[in-house]
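Below is one structure, written out as structure tokens; comments come after it.
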Amino acid sequence: MLSAYMDLIRIRFIMMLAYRVNYYSGILIYTLNIGAYYFLWQAIYNNQTELGGFTLAQMTTYVAVSWMARAFYFNNLDREIANEIRDGSVAIQFIRPYSYLMVKMMQGFGEGIFRLVLFMAPGMVLACLLFPVSLPTDPGTWALYLVMLAFSFLINSQINMLTGLFAFFVENNEGMLRMKRVLVDLFTGVVVPISLFPGWLEVLMKWLPFQAITYLPSSVFTGRTTGVDAWHVLLLQAIWFLVLIVPILWVWRKARTRLFVQGG
Amino acid sequence: MFYATLLWEYMKNYAKTRLTYRADFWLEVLSDLMFQGLNLIFILIVFQHTPTLGGWSEAEVVFVYGFFMVPYGIFTTFFNLWNFSERYIVKGEMDRVLTRPAHNLYQILLENIDPPSLIGSAVGLVIMGLSWSQLGLPFEVLDLVMLLVFVIGAVMIYAGLYTALTAISFYSDAPTGILPLMYNIQGYGRYPINIYNKAIRFLLTWLLPFAFVGVIPASYFLGRNEDGLSTLALYTPLVGAIVLVIGLTIWNRGIKRYRGAGS
């Protein structure tokens, strides 16, 4: 059984490899994103030395690391699941002797490995060359961050799966998918660190899983969160990972009884 | 005339199909508006921490954002080719389109028309109006004419750029995934362009002229002439025409390479 899932990872990785040329443009565009936000933040800082607990140097690192982390954990599982539900191919998946949700997660993982090696890593090198990014020197921070990155991927994929599964209940969830994408970029803190949000929104974010995807891990990596607090971040990620399994399984159970295929 | 009747017929068809999923329609309008609102939240958050952005006040940046929404709404109404490669090339629907007499791009655009996006333009106009009075700008009839000219120019820039990017599907059979990335970049045309360094400014002005769909034309109304911005605004329709011609040329050349999907 396990080898079947391993193969799914391998197949998706090879599939992505076939399209690797497209990701060269991706690296350039992500670097451009980092550049645009770098200058935007420079203008926002103007003469202030610190905003929301970040110095400008930390903010630059935060922006670069967050965008490159996004390059890794981003996937289109939500759209894939929604499409398979809409065109009915999910029905075939039902009768196969594996868990559909696990299959999707493994495919996402295969894509993630590809993105880590051929997108995030070279992108990070390029960003470090172009912008004054200061990387941590402590190998422990690096190790901790890599574990957190794995959780970022898991939690983001879980949210994607949950959104995709809603296609069982609404005929056309294109709008929802688009909204989710923007919502996630804002709430995870890729665009603005959560500590700069207005008070009430900052409090709200503490109770939602999004901060565990980018904001908290990036805060550790930039050296803003250290020591015991850093371990708390990891714990929080693990808790969110476990908590999110519940609604996914619940929706999945509910959904199977009401699948109707349009057209198909 | 033939093309105008086609537009009307497609519109009627659109209305009929949408009326079957009424709840869905409102959901889409709502999510569209929230989508726009979220971008506005970013601007509002930023101005909680700084009084000006590169010398521009909050009301001015919000004004630029309002202007940005108007051509963007019109563009997304008529241009919904996000899954062009999958639907028309991989699945071979282009065959059907090519057997008909009307220009292929025109047909494809009308098949994917999405009028609810126009609500975004309306909201943009309201935002512009509000910041217009907040800034106490004088209002003349000429401004209305210029607004129309700039909006048409900006829509042509979008149309040209995205037509060219979509046409890549004819040259390379792999899904490019470049469109959603472009989406991020066009957003940078909403901010005062003087905050960027020379390279990004050059890119946004001349290579991917997204500054011409946001900050440059808006600066005409705001009367901001740093780096000749509001003078540059007058070139918006010209830039639009050039980009559109380039886009259409790439498309028309690409279509000749289309061989149909096997089987």
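Using the three backbone atoms N, Cα and C, a Cβ is placed for every residue, glycine included.
According to TrEMBL:
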- A:21-41: transmembrane segment (TRANSMEM)
- A:53-73: transmembrane segment (TRANSMEM)
- A:112-133: transmembrane segment (TRANSMEM)
- A:145-170: transmembrane segment (TRANSMEM)
- A:182-201: transmembrane segment (TRANSMEM)
- A:230-252: transmembrane segment (TRANSMEM)
Report task. Determine whether the transmembrane segment (A:230-252) and the transmembrane segment (A:145-170) share at least three Cβ pairs under 8 Å, counting only pairs 6 or more apart in sequence. Result -> yes
Query - Recorded stretches the transmembrane segment (A:145-170) and the transmembrane segment (A:53-73) touching, at least 3 CB pairs under 8 Å - result: yes
Query raised in the report: Top stretch among A:21-41, A:53-73, A:182-201 for CB pairs under 8 A with the transmembrane segment (A:112-133)?
Result: A:53-73
